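K.L.:
Take a look at the following structure, please.
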Amino acid sequence: LAMLNQTEVSEFILLGPTDIQGLQHFFFISFLLLYLTSLLGNGAIVTMVISEPRLHTPMYFFLGNLSCLDIFYSTVTVPRMLTGFLFGHQPISFGGCLAQLHFFHFLGSTEAVLLATMAYDRYVAVCNPLRYALVMCPRTCLLLAVASWSTGFVRAMMHSVMTSQLRFCGHNHIHHFFCDIKPLLNLACSSTSLNMTLLNVVTTSIVLGPFTLIVLSYLCIISFIFQKVRSQEERWTPFCTCATHLTTMALFYIPVLFNYTPPSSGSSPKRDVQVSLMYSAATPALNPLIYTLRNQEVRSALKKTLGRKL
């Protein structure tokens, strides 16, 4: 009967990453710059990969996918967070909250799987160069990209359907800058044990599975380079490419591993928010910079594209 008297929550209030009033404008400018960097940088890479015939290779096809993901990924959370900095705490409807949760986990999971696909692509390119064109044919690349996006979608769908079944009847203040699973589970009135099990099993597998594949791919690449490649000059090119990929992967995986494995451990909400800011706002802005600064082909294609525009 007590449960019946409690009203169902129809909207939530996102409290944002900080409640220190004096820092709101500083954070607004910082995250706006990061977001614009992400949009421009990733947008430039997508444009180049499509318009430059020299970049019509598997590596750049996957890089184009990654840049698309990063544009959407930061757009799911950052604009609403910026609004919060300017106008104070923002209400978000229950449906809007579920949509944000779904797209955040859909794009994040897709990126986790796509980074493993990119590591496999580098493994074939370095360790099997003669069979590379045969193994990574356009059909295989398309299938791998579709598999990455589909895996992310299915995993996010499981979480959003499970979360939509919960009852929310008490507090509606979310101590986060977007609707993530853990803060929402903390507000639920009904049992969340099944949701927590799903979060532990599915999230851990979708993070640790691809992460293990990446580590194995790069261990094979490094041992191959040291065993088979004799000259320093020939070692340098694969090392440069792999260093770029490893930097991107570290920027994504280290914060995600920190936040979600094991997901149900008693981590502090404040730390979760700080770590989430890293991979949802900072990493998408840094990825294009890493690829552009370290990659000669991307730099020359960028100059060519900009020259054509000007």
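The chain as shown is numbered from 1 upward.
A Cβ is built for glycine as well, from the same backbone N, Cα and C atoms used for every other residue.
Residues or ranges marked as domain 'G-protein coupled receptors family 1 profile' by TrEMBL: 41-291. The transmembrane segment annotation in TrEMBL covers 26-50, 62-82, 102-120, 132-154, 201-226, 238-256, 276-293.
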K.L.:
Are the transmembrane segment (238-256) and the transmembrane segment (132-154) close enough to be called in contact, which here means at least 3 C-beta pairs under 8 A that are separated by 6 or more residues?
P.N.:
no
K.L.:
Do any residues of this chain, six or more beyond the ends of the transmembrane segment (62-82), have a C-beta under 8 angstroms from a C-beta of it, and if so which?
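P.N.:
Hits for the transmembrane segment (62-82): 14, 16-17, 28, 31-32, 34-35, 38-39, 41-43, 45-46, 49-50, 90, 92, 100, 103-104, 107-108, 110-111, 114-115, 117-118, 121, 141, 144-145, 148, 177-178, 248, 280-281, 283-285, 287-288, 291.
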K.L.:
Mind checking which residues reach the transmembrane segment (276-293)? Cβ under 8 Å, same chain, six or more beyond either end.
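P.N.:
That would be 17, 31, 34-35, 37-38, 41-42, 44-45, 63, 66-67, 70-71, 73-74, 76-78, 81, 104, 108, 176-178, 180, 244, 247-248, 251-252, 255-256, 259, 299, 302.
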K.L.:
The domain 'G-protein coupled receptors family 1 profile' (41-291): mean pLDDT?
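P.N.:
Computed over the domain 'G-protein coupled receptors family 1 profile' (41-291), the mean pLDDT is 85 on the 0 to 100 scale.
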